[in-house]
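In TrEMBL this protein carries:
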- B:235-245: compositional bias 'Basic and acidic residues' (COMPBIAS)
- B:228-261: region 'Disordered' (REGION)
- B:43-60: transmembrane segment (TRANSMEM)
- B:80-101: transmembrane segment (TRANSMEM)
- B:108-130: transmembrane segment (TRANSMEM)
- B:142-161: transmembrane segment (TRANSMEM)
Amino acid sequence: MSDRSTPRAWVTWALLAAVAVLAVLPLATGAGEGMEEPFSGADGQAESLVGELNPDYEPWMAPLVELPSGEVESGLFALQAAIGAGVVGYALGVARTRSRPGDRAAPGPGAPSAGPEASDAPGGPRDR
Amino acid sequence: MHIPEGLLPPLHAAAWTAAAAPFVVHGVRSLTREVRANPEAKLLIGAAGAFCFVLSALKIPSATGTSSHPVGVGLGSVLFRPPVMAVLGTVTLLFQALLLAHGGLSTLGANAFSLAVVGPWVAYGAFRLVRALTARLPEGTSLSLAVFTAAFSASLGTYTVTSLQLALAHPDPEGGVLGAFAKYATVFSVTQVPIAVIEGLVTVVAVRLLTSVNRGDLVRLGVLRPAPAPVPETAPREAADREAGTADTAAAGGDDKEKNA
């Protein structure tokens, strides 16, 4: 049971492949065909539905920033994803370094040059 | 996809803000308590917030010919419980409302209620439920199933609430609130189904990576059950795992050394 709780790398890759397939499938099968604006945002669709159900309604507040174009908007969304991905990557990297006791016990990058015998002392990074 | 700026009448916008505010305030308090009690958790809290940031920026095409984005609240809710995620989700919504013209300030309360309050609680409930139901399965399988269900239901739950919020504000002249709910749910929730599956899988990947590099924290947070004492026979197998690119527990490594010394 304990061996099952250590994740296998290939399963992780398989999960990521499934994600890619699921994301591309609607494009490949042509789910957006015949639509005025294929794959538009669901929020825009809801907005036009509000206009349909409640034609007298006027949005009483406009967004503070009016983005000049779709390109600028997608750029900002890319920025948001980049910031998030950077932080996630940093956190995983730090956690990985912390979880290796051998790295912590070693005084610095110069340590391995002291010779492998030195690390035979108890607590040394013997298993690496 | 959040409710755009100005799309809810002022009264509704105020009511949802009032409904979401206590959860966010309570969340800020439990966040500061968690950080104070355990400063090392800051790293993982940051990662959970950043995960929400990444996922809610990615607009993914759906089988309905529309597109929407995941909510990304599943991971933080499972790791740190829903109050903490209420804060992180609201911060993400605020960023999108202020800089990306996505969502809005007037609808921030309504969007926070669906994404940062209901989503996380649905995720947490689903996680606990599936963990209890699958307690007899191997730990890794049980955890993956529970995390997938948590993220999937948070994603769908969020947009079901969004549909309900719009239906209450703009009911169908013929079908009333229920009829309008069916229409909004067709737009939001049905679009969301394949995206919720994607979100579930991505969240499982994130938890698997965390299990590899940060098992100790997951055990401390009660997400992962403590592994039984390592049996010496499994040592060669764990070494093989390490070569395959997966990190190993510190405990098993320490055991090896003691045996060899």
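Count begins at 1; order follows the chain as displayed.
Using N, Cα and C of the backbone, Cβ positions are placed for all residues, glycine too.
What TrEMBL says about a protein is an automatic prediction, not a curated fact.
Keep in mind it's a predicted model, so treat the numbers as computed, not measured.
Note on the transmembrane segment (B:80-101): residues 2, 5, 20, 23-24, 26-31, 34, 41, 44-45, 48-49, 52-53, 56, 71-73, 107-108, 111-112, 115-117, 119-121, 123-124, 221 of its chain, located 6 or more positions outside it, place their CB under 8 angstroms from a CB of the stretch. Outside the transmembrane segment (B:108-130) by six or more residues, the chain places 2-3, 8, 12-14, 16-21, 23-24, 27, 56, 71, 73-74, 76-78, 81-82, 85-90, 93-94, 97, 142, 145-147, 149-155, 157-159, 161-162, 165 with a CB less than 8 A from a CB of the stretch.
Within the chain, the transmembrane segment (B:142-161) has long-range Cβ neighbours (under 8 A, six or more residues past its boundaries) at 1, 68, 70-71, 73-75, 77-78, 113-115, 118-120, 122-124, 126-131, 134-135, 185, 188-189, 191-193, 195-197, 199-204, 207-208, 211, 223-224.
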